[in-house]
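As recorded in TrEMBL:
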| type | residues | note |
| --- | --- | --- |
| DOMAIN | 24-81 | domain 'Acetyl-coenzyme A synthetase N-terminal' |
| DOMAIN | 83-467 | domain 'AMP-dependent synthetase/ligase' |
| BINDING | Arg191, Gly192, Gly193, Arg194, Thr312, Asn336, Ser524, Arg585 | CoA binding site |
| BINDING | Gly388, Glu389, Pro390, Asp412, Thr413, Trp414, Trp415, Gln416, Thr417, Asp501, Arg516, Arg527 | ATP binding site |
| DOMAIN | 532-610 | domain 'AMP-binding enzyme C-terminal' |
| BINDING | Val538, His540, Val543 | Mg(2+) binding site |
| MOD_RES | Lys610 | N6-acetyllysine |
Amino acid sequence: MTDKKVYPVQPDIAKNALVTAEQYEHMYRQSVENPNEFWGEHGKRIDWIKPFTKVKNSTYDYNNLSIKWFEDGVLNASANCLDRHLADRGDQTAIIFEGDDPSVSRNVTYRELHEEVCKFANVLKEQGVKKGDVVTIYMPMIVETAVAMLACARIGAIHSVVFGGFSPEAVAARIVNGKSRFVVTADEGLRGGRAIPLKKNVDAALKHESEANVDCVIVVKRTGNDQVPWTEGRDVCYEDLMAHASAECDPEPMNAEDPLFMLYTSGSTGAPKGVLHTTGGYMVYASMTHQYVFDYHDGDVYWCTADFGWVTGHSYILYGPLANGAITLLFEGVPNYPDSSRMGQVVDKHKVNILYTAPTAIRALMAEGASCMDGTTRDSLRVLGSVGEPINPEAWEWYHRVIGNSKCPIVDTWWQTETGGILIAPLPGAVDLKPGSATRPFFGVQPALVDNEGNLLEGATEGNLVILDSWPGQMRTIFGDHERFIQTYFSTYKGMYFTGDGARRDEDGDYWITGRVDDVLNVSGHRLGTAEVESALVAHDKVAEAAVVGYPHEIKGQGIYVYVTLIQGVEPSDELKKELVQWVRKEIGPIASPDVIQWAPGLPKTRSGKIMRRILRKIAANEHDQLGDTSTLADPSVVDELIGSRASN
Ligand code: WT7
């Protein structure tokens, strides 16, 4: 059994760790027994313009659900990431930028970043952005993206970052849903030596979507491609505006519960939802988890390989590290460009001490063989982190042995866009590691397992993962749809936050996340709703019906398996498969590309018409022998037909 394999806390790590095993136990107990005292104390880790007098005001009581933290405190997130460091570490590097091109890198100090952010904050104001406005940021991984996010925070605008890999349609939907009148983008992005047409995509998004009401598009020059089209009166040039902007901009005093940002994520039904995070609790939680989970010490070089387009980029490239005065590495490129030694090269070049990446990246390197680390020593590494999906023990061992030279603890961090920060992870100086287990809850987090009826399960067992009480970093609402927020997270099991994940708890009380129990896919650590992909497919005029499920995929963790029923009279063909793949890429983005399309003359449905995905998942995984009960199907013969045609697919 893999759970028998334990990597005990390393004495060398424990010796200098911020939290030891005894301290963890003590602090954890205090955090759940007396949250007001615990968070009242740790809430002081950030700077408040007006200190809070109230700490926790939250209840999961279904009929009067309320989540508030530090509610009478006033602060500014950008001041916490910048201004407060100027006196002590103004000339210290805040961001190490490592370009897509390995010969390009530069360091930005806290003072320089502060100046840029103040200037851009003034630019935003000049363009008419006001406190509470939503600014859409569709950018590559460059310093200006951090500047744009922090500048929004500085003036109290809500940023909505849209991943640069999303299609114009996806950008448009997010602009419309957020009622966003401002967009910040770049002429082009650069990834793996290829240009990404960001501005062109914004143009297409705004043209395509008549409901989009955008007054102003601010365009950063990244590649300088002068073919990028320009709409006079709407498009403005970042560099021109920055050239005459003042570097003085007082941070806007924000209430702890004022919104800081929103970020769209996929659910099991409907369109992606705008997860809204507020200022005070989020900043306390992001900075505290960043410091303790990665055992961050002053001067450490920290590299999180995520993209700003995901929550990991928000909490653990930007807000957490900068609030802690850390040195955070910002990487524009991809791990296999110019070749698969890039990750090791970047670690050596910048003497990275803490590396935080995703299982899918590790598996992709693993597939190259250990030679992808040739020519690099990675001696500087001290702590490794994993996030995004369950890490399989083989990938864990490889990460530990090959990348970390068998000397770095791996913190497997379980959390979600909704949670704002890490909820379950081993603190490197305190908790023994088990490959594949996220182990123990962070301070203030009370995980539990319930059966499908919501009964709490005790001891070593498996069930649905819920959290019993609020923590400061939790999302507060779905932008524009509070009812959906309550429905999605608090109605399945009354009085509890439902994560959508399943988990197992072992004899030691350690948690092992088993994956989503709802209709959400996790493809290369990216979340996708099956319903989203299905609705993209049925929007194609040759498709009558579609059902999407995940199946085990060697590198991606989960691949996308699509069953398509064509309109009567349309002939299936390989060309049509290609067309449908392109179609989905265009509707959502390349991350949603179907891996397998199977033609399905019929889909297995219950008599009430509900598609039985459980059966489709088994067929996709080639586990036809474990179909379970099919007697409730309206037409059981559909199943045999699908199994038969799968073989010839
Ligand atoms: C879902 C959340 C949190 C930032 C990245 C993804 C899965 C995430 C782990 C982990 C097992 C994990 C869960 C979760 N997940 N980290 N360490 N072990 N599963 O954020 O896009 O909101 O996705 O990712 O299924 O619910 P997200």
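Each Cβ is built from the backbone N, Cα and C atoms, and glycine gets one as well.
Overlay of TrEMBL annotations on the structure.
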residue	record	Cβ within 10 Å
Arg194	CoA binding site	11
Thr312	CoA binding site	24
Gly388	ATP binding site	22
Pro390	ATP binding site	22
Thr413	ATP binding site	24
Thr417	ATP binding site	19
Arg516	ATP binding site	18
Val538	Mg(2+) binding site	14
Arg585	CoA binding site	17
Lys610	N6-acetyllysine	11
When distances run from the Cα of Val538 (Mg(2+) binding site) to each of the recorded positions Arg191, Gly192, Thr312, Lys610, the nearest one: Lys610
Arg191 (CoA binding site) - helix vs strand vs coil (DSSP): strand
For the domain 'AMP-dependent synthetase/ligase' (83-467), mean pLDDT (0 to 100): 97
CB-centroid shell, 8 A cutoff, Mg(2+) site Val538, His540, Val543, site residues removed: Ala536, Leu537, Ala539, Asp541, Lys542, Ala544, Glu545, Ala546, Val564, Leu580, Trp583
Where the C-beta lies under 6 angstroms from ligand 1, the matching binding-site residues among Arg191, Arg194, Ser524, His540, Val543, Arg585: none
DSSP residue counts for the domain 'Acetyl-coenzyme A synthetase N-terminal' (24-81), split into helix, strand and coil: 29 helix, 11 strand, 18 coil
For Val538 (Mg(2+) binding site), the three-state class that DSSP assigns: helix
Candidates Gly193, Thr312, His540, Val543 (binding-site residues) with Cα within 10 Å of Thr417 (ATP binding site): Thr312
Other CB atoms within 10 A, centred on Val543 (Mg(2+) binding site): 20
Pairwise CA distance, Asn336 (CoA binding site) versus Gly388 (ATP binding site), rounded so that it is a whole Å: 19
